[in-house]
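Here is what TrEMBL says about this protein:
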COILED    40-67  coiled coil
TRANSMEM  133-154  transmembrane segment
TRANSMEM  232-252  transmembrane segment
TRANSMEM  289-315  transmembrane segment
TRANSMEM  327-349  transmembrane segment
TRANSMEM  370-390  transmembrane segment
Amino acid sequence: MVTEGCCIAVEDDAMELAEAAPVLTPVDGPILVPQDGVSRVDFDMAIRRLELRMEQLERQLRAEQGNLKVPEPAVLTPILEENGAELPSPKNHFSAATEEDADFTHDSIQFGESIWSLPLVLDFSHFPLWDGIFSMLLLIVNLGMQAMFSGILLSDDFAGAGVQVEEERENARRWRIGIAHDWRYMDLSETSLVTRVCQSDGALILSTPQAELVDQINSFLGLGAEDFVPGFFQPGILLCLLCILHWSLCVYKEFRSVWLAFEAVLAIPRASRSITSQNRITSLSRSRLLVVLTSFVLRMAIASIMLVAGIQWLGRTTSITELMLNAVALNGIMDIDELLFAGFTPVSVQQAIRKLEPVKMKYSRYRSQFESFALFLLLLVTMLVPYLIYLEPLGSGMVSIKWEMCGKNQTFVVANNPANQQVIGYRTKATRDDQEPSLVEIAVEQHKFQESGPPKYIFFASSMKMFSADIDEDMNAAAARTPFCVETDALWPGTPFHEDPVVTSILHARLRSALVSLGQPPSITCDGVAHLCNMPDARLLRLMCGYTCGCTDPYSSSPWHRVQAAGCSVACTARALTILATQPCEDQPAGDAWEAFWDGYAPALSDHYGLNVSQADIWPAASSIANQLRVRGCPGLTNPELQLELITQTPWCQGHERLFRPLAWICPRSCGCFGTALGHCPASCVANASTD
């Protein structure tokens, strides 16, 4: 069947050549030229058709690999011999073809189904008028859309999108020094705003842009909350590089399509007019060639702009999810020409482009090797250049931004006191611990779903004015405002305010708060809390449990913190003064209270000043005085060199209104109280002196 088909094809070629023979005349040998009256274009077309048919036959013969017997060119021989042409033998013909095939490869270039292919076939004489006009409009629309997209991508507003490292670093610095450590933004668990932002606290209502930026940096570089050095695997950098490579490959595909189409167009013969015969472009006019080449130039220019702008855009994207979306969006822009062709181009024009026969091209082995090496270099450059220009600086810049926002010490807040022109600081928690919530968090958790009954921890003010006053009220004012000694007048059964419906709920809430703030389970009695009373932070406990904490007894407990400013109410202190007035004006022997006082010396002063006083230069001298008084007891206060507490510059006998009771209550004789009416001395000393 194949042999018969080939023979028929040869006979057809012979007939075409025979038909063309009358128009050929020999000129000085085997060179053939057309006779007068035959156009050069028709002559070239006839020769071209014969060449194509011969190429088809040669491919069929080679495919059979010798199984097909090649017929003798009986018909062609007389014609060629008549015109003085020498017919090569089949053996020599196939030998030359074999040598040629060893050095060259053949390929067919098919023009793509794209709006950009319209200049090749668009001819108003061959298509309906409106089809041609509308197709021309689509070509203009395609050019305009891709040009506008390119312009937008290169604009300052769009090109500047993404993380601007210097700007964001400066914003981070300003945020850190101006807001992040402000005490007003510390949460109820005493965690600073910067700590919450840098640990990605999901309950943030402030600085959410900063928190989102930190989250982006951590996910982009694969960092933990406390990491500032990226590891080898950086998800965002890798994904960004892959997206850039994917986008570049899309554009390179466009470049190669344009180049192959350019070569194919150059291989088409030139003529005075463009001719398409049997779905094959047989010739191109100079004007149409100029239009086609112009479209190639525009196509390459737009693709080049899109390549640079797309790489720049992807290289500045810091969100992993946005990276994928941006890459898809860019690819969609490149497909506009194909979308317009598939969705809007008239069917007649579509069919004309789809039915175009491929242009046969021949490539040498050397060109193939050169292209392979050039494409390898292009792929290498595509990976290295964006990384070095965009991604590596972006990663370093993101680390520097996170360092400005979260670097080093996060666990402090500050406030400015304009009255004394001091900056006051407070050390916050290193992290939010949901296992050990603060008192305020416990109070909110307990009350948020409570529908009835008195609150367990919260004291509700009756007005906004009272609310503001209660927030600013210190312990000294709270102790002065408490009209009775809470434990002895309200908590004990049978006392005047015990089980009072108004007073009891308030006092129970305060007592629970006092115990919970010290890490104890809530209770409504003062049983078993005496060991907590010497703690500097037990102010509310001393206010609620004045009897248990020694506020009502002048001798049984350490004088530290048994003052009104530290929680002992006026009523409880009055009970102690009443007892003191009934005792003789004599020094008390050194006992447990005396030892406890000197043991609590350093902790009490450290809490008062907010620093470790044992590291101060004055501490050796101050501790020396304390040690001597510990050993010598009350008589040591008669020594003028031991009478002054060096750090607060307060006489031991007079006491400190915010720290400790006067030691004159324990050592009235040594403090010179006998027979004097000094304010810090017991009233019994004046009474005993008058009696004596």
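Just so it is clear, glycine is given a Cβ too, placed from its N, Cα and C backbone atoms.
Predicted automatically and left uncurated, TrEMBL annotations should be read as such.
Since the structure is predicted, the reported quantities are computational estimates derived from the model, not experimental observations.
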Positions whose Cβ lies under 8 angstroms from the transmembrane segment (232-252), at least six residues beyond its ends: 219-222, 303-304, 306-307, 310-311, 314-315, 317-318, 320, 323-324, 326-327, 330-331, 334, 378, 382-383, 386-387, 391, 394-395
Chain residues in Cβ proximity to the transmembrane segment (327-349) (below 8 Å; excluding those fewer than six residues from its ends, i.e. six or more beyond): 112-118, 121-122, 127-128, 130-132, 134-135, 138, 141-142, 145-146, 149, 243, 246-247, 250-251, 254, 303, 306, 310, 313-314
Rounded mean pLDDT for the residues that make up the coiled coil (40-67): 69
